[in-house]
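Database features, via Swiss-Prot:
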SIGNAL    1-19  signal peptide
DOMAIN    54-91  domain 'BetaSPN-type CS-alpha/beta'
DISULFID  Cys57-Cys78  disulfide bond
DISULFID  Cys64-Cys83  disulfide bond
DISULFID  Cys68-Cys85  disulfide bond
Amino acid sequence: MQRNLVVLLFLGMVALSSCGLREKHFQKLVKYAVPEGTLRTIIQTAVHKLGKTQFGCPAYQGYCDDHCQDIKKEEGFCHGFKCKCGIPMGF
């Protein structure tokens, strides 16, 4: 039962991430909803990794360029699932 609740909670957090909620909100939710232990640590690590991932990078060709132009006024390059501003793929 607890495993089902954790999976449902995790899927709900993934669904809500498209609404503009930040990683710290999810970390706080995990802190209060999941008992302390190894499972909480694993979920917090997964939330942190998903929070750093930019899913638009491989799906949309100009995502990184638009992202980097807004932030640093540099050309953007997609490195896996992350955008790197001003760092071409050769590095």
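Just so it is clear, glycine is given a Cβ too, placed from its N, Cα and C backbone atoms.
In this view, Cys64 (disulfide bond) is surrounded by 22 other Cβ atoms within 10 Å of its Cβ, with every protein chain counted. Counted with DSSP, the domain 'BetaSPN-type CS-alpha/beta' (54-91) comes out as 13 helix, 8 strand, 17 coil. With respect to Cβ neighbours within 10 Å, the disulfide-bonded residues Cys78, Cys83, Cys85 differ, and Cys85 shows the lowest count.
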